[in-house]
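Below is one structure; the comments refer to it alone.
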Amino acid sequence: MALSANSDAVTYAKAANTRTAAETGDRIEWVKLSLAFLPLATPVSDAKVLTGRQKPLTEVAIIIAEIRSRDGFEGVGFSYSKRAGGQGIYAHAKEIADNLLGEDPNDIDKIYTKLLWAGASVGRSGMAVQAISPIDIALWDMKAKRAGLPLAKLLGAHRDSVQCYNTSGGFLHTPLDQVLKNVVISRENGIGGIKLKVGQPNCAEDIRRLTAVREALGDEFPLMVDANQQWDRETAIRMGRKMEQFNLIWIEEPLDAYDIEGHAQLAAALDTPIATGEMLTSFREHEQLILGNASDFVQPDAPRVGGISPFLKIMDLAAKHGRKLAPHFAMEVHLHLSAAYPLEPWLEHFEWLNPLFNEQLELRDGRMWISDRHGLGFTLSEQARRWTQLTCEFGKRP
C-alpha cells in the first residue's frame, strides 16, 4: 500500500507490515487484569483541593491488562484513576475481558467495537471506555512488537524525540522556595519546559509565584500555567490578561472542562493560547472541543478516552484543524503517539508512574527520546506486582 508523505497515524497503523491471524493462525489465548494502587510520596493539591471540591490526592489506581497470543506475542497496557473510580474501571474490564479470547489480536477495531457493545448499557464514555483502555493499549503494544518496531515507528513517526515539560514541581501545596528549587532541578535533568499550577483563592498570590518563576527561568524558557478548572469566565479573562506579560506557552483548563463556549470565547479574547481536554473521555467530546474552536492545544489522555484507537482519531481530527497537541499524563504511552503527530507537540513529564516499570524514558536536551525497544518499550516491575490488590485471568495460562 502506497503512503503519501502526509498520511495520518491511523493510515500508517492500518498499513503496517504485520502478519494477520489468517496467515499465522494466531489468536488471543490469555488475558490478565490487575488493579494496583500506587502511593504518592506527598499528598498533592491543586486549585480544586484549596477550594474544598476535592481531598488531597494520596494514591493512583492503576488498571493493568496483560494479553498473550497463541504465537507467543505479549502486550501490556494500563488505565488509571487519580481518585474514585479505579475499582469500578477494573470491575467493568473484568466483565468484558472474556470477549477477547479467540480473537485475532491484529483486529483491534473489531475487538474495540465488540467490547463497546459488551458494555453498551453503560454508554460510550467515562468508566465504560476507561475499562477498555488497558486492553486496547495492550493490543497496540502487541501489534508493534509483532512488527519488531517501537510503537511510534509503527504509527509513522515524524520525529525521534518530543519536547517535554515538567508539571509535578509546581503544585499549589509546594512552597515557592521549593518550586524555585524544582525549576532548577528540572532544567538540569533535561526538561524543556515548566508548568506552574495556579488558581489560588487570592489571585495576587498566583501572580507573585508566577513572577518569581519567570524571573528564575529567564524570559525565553518555556513556561505554562494550569488553573485546573478553577476560574469562572470573568476571572479567566481578567487573569489571562494579567498573565500575558509572562510570555506563556499556554493557560491550561481556565474554565470547567465542559464549558466549550466559554473556552472558545477565552481563546478568541486572549493572545496567550488556551489548552484543555484532559478531562474529556470520548472522541465525541474532543470533536466538540476542536470544532468549537475552544482550544489552541488539545490535551487528550489515551487511558481516559478509551485507549490508543480513539486517541488516533482525535489526533487525526486535531491535525486537520491545525490544533497543537499536548497529551495529559501517561508519558509512557503518549511519547509514541506524540512522535506520530505532524505538528510539533509538547509531552507532559510525570515521574509518578516510574516505579511501575523496569525501564525509564531518556530525557536529554529538553526532549524525551524514543528507545529502540519494541512496542511501548516497558515491562512491569516487581514493585507493580507488590502494589497489586486484585487480579483475574481468562483463558489458557502461559
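Backbone N, Cα and C define each Cβ position, glycine as well.
Just one of Glu287, Glu332, Glu344, Glu348 is listed by Swiss-Prot for the same substrate site as Asp46, Ala47, Lys48, Lys82, Arg83, Lys195, Asn228, and that one is Glu348.
Together with Glu252, Glu278, Swiss-Prot lists one candidate of Asp219, Asp226, Asp316 for binding Mg(2+), that being Asp226. Neighbouring residues of the recorded Mg(2+) site, listed in sequence order and excluding Asp226, Glu252, Glu278, comprise Lys195, Ala227, Asn228, Glu253, Ala275, Thr276, Gln299, His328 (Cβ within 8 Å of the Cβ centroid).
For the recorded site, Glu252 (Mg(2+) binding site), the DSSP three-state label reads strand. Ala47 (substrate binding site) falls within a helical segment according to DSSP. Under a cutoff of 8 A between CB atoms, and with a sequence separation of 6+ in the same chain, the neighbours of Asp301 (site 'Increases basicity of active site His') are Gly277, Glu278, Pro327, His328, Phe329, Ala330.
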